[in-house]
Amino acid sequence: MEYLLALDQGTSSSRAIVFNRAGQIVASAQQEFPQHFPQPGWVEHDPLDIWSSQLATCRAALEQARLGAADMAALGITNQRETTVVWERATGRPIFNAIVWQDRRTEAICERLRAEGLEDEVRKRTGLVIDPYFSGTKLRWILDHVDGARERAARGELAFGTIDSWLVWQLTRGRLHVTDVSNASRTLLWNIHTGQWDADLMRALDIHPSLLPEVHPSAHRFGQTDADWLGAPLTIGGIAGDQQSALFGQACFKPGMAKNTYGTGCFMLLNTGERAVESRNGLISTAACQSGSRRSYALEGSVFVGGAVVQWLRDGLRAIQRSADVEGLAASVPDSGGVVFVPSFTGLGAPYWDPTAQGAIVGLSRGTTIGHIARAALESIAFQSTALLQAMTRDAVSAITELRVDGGASANNLLLQFQADLLGIPVVRPEIIETTALGAAYLAGIATGFYRSEDEVARQWRASRTFHPVISRDEAQHRMAQWEMAVAQVRLPTTHGH
């Protein structure tokens, strides 16, 4: 049993990856599933599509590896966070589609909670803000809108879960109704300080306690899968939400270690150790993966438009044919020629929180070329990430020593060099950038004794390339000041003549 199987259940596809003991990928399979948009702002998945696609990828990955379930030491699960499922305990059938994390239908419920003055209490207890993003209001909406659901919940006939819980229920044919701390901490119902479901928050949202799963550490022997699914029973040893799993897969085990995932947006997590830091900069505090008896926390922030700015260069401006071409175009000029690109197409997120901000390209001159604009677009990803990381260090009151990176845009050397220059710390790209799935595998391995400790995993983590800062701190501060000036311009109250 020299292998680990990781299930990576994402927003648009399900994946399964077989890792060997060295954390290398032996085989992988991926399957997309349909997205449903019944109304503007609504996003749903059919939970049965999620389950069938996930099971199919497990079988395909094992087949590709020419291995069976009996060759796997354990199974780890990582998942899109906050997405909410309610199902019948007797049949395992969902009573409604899964309401996805992007879905905004619960804004009215959130507005009511804010009007009741609950914002401060929610932030203190959960580390989160009242927002449709999190699971609690989605669960409330399903109970309000499905006939008889609230009565059935009171009778103990229904179960709620995030995607990890739903998959484990199916994998064990209803024997286990569980989740881990990292997923529980995204529900608005879990108190990150007591490590328990919070009775007051459940009352505020009118949620019956019988709906909720049991919460365990992320690395834990949860139980075994039913032998019929994969030909032999498999120990479920790891569960974690995708961003926390990536932090674990990057071996960011000590306070002050941070990772940034450069995808369509950017997700940054900073390990704050055994301290849940209350942010003064609009970031959220969340449970990180727990692999032993000690609780672990992280600060989290996100940039709305990261790699998406490159898609806009391709599809909106038609400046490039493929996203990968951006690096060559940006490298055709020595710098951005004074151009600053603020890609606030959907407002500005942390640490600015300005939903009305619009995008802008500032500092154009007669000598500006498409190369300068491409370079400024890439630089915008690093500027936003730097502003966010600076807010994190102010909150955590401790310095970040290096930034570990993953995600699609982390393949871009120009971006990572500029990121290191702005931050003044090394930026490190690992050999294995499938860090989300790797985190789930590591957790499962630690729970089952396949790995002895986090230290063994940390020794295994390897850098592929480290980018060291080459510009002076004065120059970096000057560049950040240019960025902040450009941001101030997009936030000016605009006069459109009405």
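The backbone N, Cα and C atoms fix where each Cβ goes, and this holds for glycine too.
Of the listed candidates (ASP242, ASP315, ASP325), Swiss-Prot assigns ASP242 to the same sn-glycerol 3-phosphate site as THR11, ARG81, GLU82, TYR133.
Rounded to a whole number, the C-alpha distance linking GLY408 (ADP binding site) with ASP242 (sn-glycerol 3-phosphate binding site) is 15 angstrom. Nearest Cα neighbour of GLU82 (sn-glycerol 3-phosphate binding site) among the listed binding-site residues (SER13, GLN243, GLY307, GLN311): GLN243.
Across the fold, the C-alpha of ASN412 (ADP binding site) and the C-alpha of GLN311 (ATP binding site) stand 14 Å from each other. Neighbour density for SER13 (ATP binding site): within 10 A of its CB lie 14 other CB atoms from the protein chains shown.
Each of the binding-site residues THR11, GLN243, THR264, GLN311 was assessed for Cβ neighbours inside 10 Å, and the highest tally belongs to GLN243. Proximity to TYR133 (sn-glycerol 3-phosphate binding site), judged by a C-alpha distance within 10 Å, picks out none of the binding-site residues SER12, SER13, ARG15, GLN243, THR264, GLN311. Annotation: GLY307 carries the greatest number of neighbouring Cβ atoms among the binding-site residues GLY307, GLY408 [cut-off 10 Å, Cβ to Cβ].
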